[in-house]
Structures are given as structure tokens and as C-alpha cells.
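According to TrEMBL, the protein carries these features:
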- 39-63: compositional bias 'Acidic residues' (COMPBIAS)
- 1-65: region 'Disordered' (REGION)
- 88-130: repeat 'WD' (REPEAT)
- 131-172: repeat 'WD' (REPEAT)
- 226-253: repeat 'WD' (REPEAT)
- 257-298: repeat 'WD' (REPEAT)
- 355-396: repeat 'WD' (REPEAT)
- 397-435: repeat 'WD' (REPEAT)
């Protein structure tokens, strides 16, 4: 295990040229992810068995009561045109999360403040089954890599996994207060971060478990790297750890000047997993080499660039990084801020390329695969599509009467699925004249 070191972040920072970016070229080659030699079961087989009592209650989903009509009693200040094709209205409170099944992109799972999660069909909004049994707001939901399993997690830390074809619960576990949850990209392995600082990893449905103990503060965000062997986790104290999932030890620890000066809010990796981008309430986005664990770039919005550096533990009063991600075809990164700024940064020159302003805070952003188009959803209830090459707004989609809280994009970028504080999930068909 490498020791945690706070020495010389600036002195050890390698020049960006070592990352072999393609200068100012407009288009670079799309890098296909190598499916890799590891067997999907290699990691699972290495996991140590842990004995714990599994909950064996299997509850059948309630498939009655589907109504494709507006929810009564929901009054919003954003009434207007509805561009959506399908509205899912079975939730009775804010809908916090959505995920699409990765294999076919025909199913969605949504979770909400009503302590409920539903699996439903995108084409017509038909309910397949309810993921029943949660006692707190469902804040995390997602399908396994092969779409055979779906996991739901609530704020109290109760996680449940269901087999999609049989609609049966196959596994459940009560961890600490849940911060994030993610499936492994190649195996039936579920990871989650909790408020006690732990990152958990389970083989499903056997329940074999490993824990990765962080600092004594919440593990606020996490992401499995594309190789499936490592995970990057951000913490409330501003530290970042890159974990070896097989050995269970941190390969790199970034703290002090190399870490953030406030809680981490989001983390992303590029396609081949060589670069990591982290965001925080300190308004900084840090570009990290996944190989060396060194910071190779720091981005701040121009609006706060002239402000004095925040002291240890201080947070920006009016702004924070809410979402970020890498473009797959150009050396660009997008960072979305709470003040409504979408910043497009050129990684090869470490400069701000475009700044696109929203009417209200950005909740999440997603890059369209194979293009330089970035999608944003925001607190004004609107989905926007931006051309990152020019900074131009391509189009927007409306229909929610409250803030959008999460969204997902289909692989072919033909559908956007949103969830909102108006108690609804909506499916929008994306039509772009430029393709």
C-alpha cells in the first residue's frame, strides 16, 4: 500500500505534453475501449467471502395502477409546451434518479422521494414492475452491465437487487447512509459509497463483500475505471483515492494542495481510463493522471478566477462544480456549475474554449458518444444541447414544470430520459438537423 503523501503537488506535476494530446487539431481519432484480457469473473473470484445476514424477503412488484395522465395536485411555475413523447407519472413525489438498461436501451429505472422505484418501458411508459420495500427516498438506481439485474438504493442505505426477467428480488443489504452506487462495467458486482467513509463492493447475488475504508467522512462520489480493476472515490474532506479493487488498497491518495478544498461532488474518467476529472464545491475541476495519481491540470470558471483562494475547509458561497465529463472525439472537457455556467475546456492547452450560460443552475451534463455535443439539464426544467466546438446552443427540450433532477441519454443519442421535482419522468425524442 502506498503511503499518503502531501508533498509538492506543484513540483511533481508533469507537463501536460506527456499526455500526448493532439495540439489544436479539431478532430482526433476515436479511441475504442479495449474489452481487455481480464475475464469478467476474475475480479469476482478474487473477492473474499464475508458472512452477513441477507434479507430474504422477496416482494412482488405492483403492476397495477399505471395511468399515462398528468399528476393531479402538482403545480409548477414553469408551465409551457411539452416536447416529450412519453410521460411516466406513477411517482407521487420528486423523482431523483434514472438509468437506462445498457444492453437494449429500452427500459428505464427511476427512484424517488416517495420511497419507490419502478422499472418501465421507454416506448410507451408501461410499468414492468415496482422495486418494492424501500423505507426512504430512492436516490440511486441502475442496471448491471448485461441488463439482467437492476439495483436500487435509498438514503438510509438499504440496497436491493432484482432480476429483470423474473421481476424477483435476489439480494439486499443494509449499509450506512448511501452517497452513491454504481455497477461494475463487466461483472455482476455492485459498488457503493456511504456516509461513514466506506466504499463497499459486493458480488451479486452471492453477497461476497469487500470494503475500502476511507477517511472518517462521507465517500461522496465514485466511479469504476474502464479497466474494471480500479475505482476513483472522492470524499467530503476534499481527498481523492484511487483504489485497487482486487488488492483492496489505495494506489494513489490526493490530499492537501493536490486534493480539493471542499467536499467532492462528482468524478468522471475518459474513455481509456488514463485521465480522471474531479469536481468540488470549491469550484475547481482537477485533471488527474490515473497512472501517476498526479494533478496535471486545474480549471476554475472565469467568474471566480480572480477571487482569493479558499482556505482549508471553506466553500464557495454561490457556486460549485455539479457535473463534468470528457468528450470522446476531441481533447475537450465540460464542467457544469451551480451558477448556470457550462464551461468547455481545451485539455491540450488547458484554456477555456467556450462559456455557455444557463438561466439557472446545471444539475448534470452528458456528452453524446462519438460527437462534440454536450447535453445539460438544469434547475429551470429544460434540457439543452450544445455544440462544444462553437459553443452554440443547438436545441432545447421542455415539458417539466419543476427542476430536472437527473437525466440519461440512450447510446444512439435518440432519446433523453429526465426526472423532475414535478413527480414525473419524461422521454424526449432527440431530432437534430446537423446529423
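Placed from the backbone N, Cα and C atoms, the Cβ positions cover glycine too.
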Could you give me three numbers for the repeat 'WD' (257-298), the DSSP helix, strand and coil residue counts?
0 helix, 21 strand, 21 coil
Under DSSP, the repeat 'WD' (88-130) has how many residues in helix, strand and coil?
0 helix, 22 strand, 21 coil
To what whole number does the mean pLDDT across the repeat 'WD' (355-396) round?
97
